Each structure stands twice: as structure tokens, then as C-alpha cells.
Amino acid sequence: MDYTTQSDLSLSKSMQNIKLKIAYDGQAYFGWQKTPAGPSVEKTLQNSLEQILQHTISLQAASRTDKGVHARGQIVNFLTTKSITDLQKFILSLNSLLPTDLRILSAEKMPSTFHPTLNCVAKEYCYYICYDFVQLPEYRPYSWHCPFPLMLGKMTQAISVLIGEHDFSAFCNFKKNVNYTDYIRRVQAIHLEVLNHKRLCIRIKGNHFLYKMVRNIVGTLIYIGKGKLMVEDIPSILQSQDRKMAGVTAPAHGLFLQTVLY
């Protein structure tokens with residue numbers, strides 16, 4: 001295609017490192033990572049890229065989002081031996097091949113050392129909740145319906161306890177073949193935003209997250225909001241390092257990867 005040219009230079013000198021910012025609706029995907037269980041964001045994007053570039057590529061992502069989780073600002077990269085001279089045309093061509101629930105928002109040439117995971121300094125996730133008795137159908141695929149009164153003041157108090165550096169073992173689900181060297185993570189900020197139609201957005205920003213940590217924090221905040229847990233329970237939950245002490249895991253469909261910071 002006319003926006004790429006095959007270089008005559010050696011592989012090491014001709015390799016370009018391309019960073020993509022992508023957004024996707026997670027409903028149809030079994031998460032970011034390739035899996036025999038069903039379609040993944042990674043495989044869908046890889047297939048379209050290889051169709052354009054005409055060579056095998058490997059993708060790395062800032063976050064391996066779970067099945068059903070959405071993204072507004074996922075960052076991925078790939079190496080190519082093609083010289084992509086017109087990034088805007090490249091984006092248009094790639095989007096024309098991709099399903100409409102997966103979009104390329106931007107593309108950028110990066111230094112060879114750039115890695116979307118290793119160079120990431122923080123990620124921000126947004127989780128949406130509707131606590132009205134009846135949820136509008138348009139919100140159903142993208143927010144957790146909790147049709148009961150919530151004590152927002154108590155939830156805000158709990159947030160202040162969770163911010164900072166802690167051992168978040170109690171907020172980590174077990175995952176086969178995933179072993180952490182430690183469970184200490186730093187939550188930089190949590191904001192509770194009240195939206196229209198009795199909806200909430202919980203924004204959580206941190207340097208790194210454990211498996212399902214964000215969704216378990218949200219589930220715990222909901223338990224506090226409905227009075228099933230108390231604000232005073234948070235320190236003992238953290239100290240327990242016991243997943244059963246914290247709240248329920250919030251469902252995947254309310255979660256968005258919002259921003260990745262470098």
C-alpha cells in the first residue's frame with residue numbers, strides 16, 4: 001500500500017516502534033489477551049495490522065484488561081520493518097479493517113526503548129455505577145446497577161483510608177500462573193463523582209494494580225455505601241491480607257481503562 005515502503009536497510013536499523021492509543025467496547029471480547037476461549041482485542045488488532053503490514057507482529061499493551069472491560073485510552077506498541085510515512089492514513093486504513101467496537105485513536109513513532117508496560121508511571125480507571133431503582137437501558141452495558149440507597153459520605157471517608165501505599169492482598173483475586181513478588185501498591189488518587197440519573201463514577205489512579213484490584217476496591221466501597229461494611233473496617237481488611245474480608249468483585253462491564261501516563 002502506498003503509505004508504507006519496504007526499507008533496504010538491515011532489520012535492526014529499519015525497525016520502527018509504533019505506539020497506538022486505542023479504545024474499545026469490551027462486550028464482545030474475552031479481554032485484551034489472546035485466548036482460545038473466544039475473540040480478544042489483541043488478536044483482532046493483530047490480524048488487521050498484519051493484513052496491512054504483510055508481516056507477523058507482536059503486540060504489547062499497558063493493561064491486560066479482563067473479559068468485558070472497556071478502554072478509552074489503552075496504549076499498545078508493535079515493531080515493524082515497514083516505514084510508515086503517513087500515520088493519519090495508516091490510522092484510517094486500520095480503522096477501516098477493524099470492527100466498529102475497536103478504534104485506533106492515535107499513532108506515534110517512538111524510540112526503540114519505549115515499552116507500554118515498563119515505561120508506564122500510572123494508570124487511571126473509571127468505574128460506573130447506577131444506584132437508581134430503575135436504570136436507563138442505555139447505561140446497562142456500561143455501569144453496575146445497584147438499586148439501593150448508598151451512603152456517599154461513608155464511601156468518601158473510606159476512599160481517604162485506601163489512598164496511599166498499602167499491602168492490597170485482600171483486594172487481589174487468585175489467578176492461576178500469576179505470582180506477585182509482593183502485594184504492596186500505591187493508590188495515588190480515588191475520586192467519587194456524582195453524575196446525572198443517580199450515577200456514580202469512581203476514578204482510581206495508581207502506579208500498578210493487582211489482579212482485579214480496582215473492581216474489588218469498588219465492590220468494597222459499595223458494601224460500605226450500603227452499610228454491609230464500615231469505614232473503620234478498612235484498616236483491618238488491609239492488615240488481614242485475606243480476600244474474603246473485602247467486598248464483592250464488581251462486574252467487569254462497569255470498568256473503563258481511562259488513561260495511561262508516561
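Please read every residue number as a count from 1 along the shown chain.
For all residues, glycine too, the Cβ spot is worked out from N, Cα and C.
Remember, predicted model here, so these are calculated numbers, not experimental data.
Reduced to three states, the DSSP call for Asp66 (active site, nucleophile) is coil. The Cβ of Asp66 (active site, nucleophile) lies under 8 Å from the Cβ of Gly31, Lys212, Ala252, each of these being in the same chain and 6 or more residues away along the sequence. The annotation active site, nucleophile is assigned in Swiss-Prot to Asp66.
The substrate binding site annotation in Swiss-Prot covers Tyr125. In the three-state DSSP scheme, Tyr125 (substrate binding site) is classed as strand. There are 24 other Cβ atoms within 10 Å of the Cβ belonging to Tyr125 (substrate binding site).
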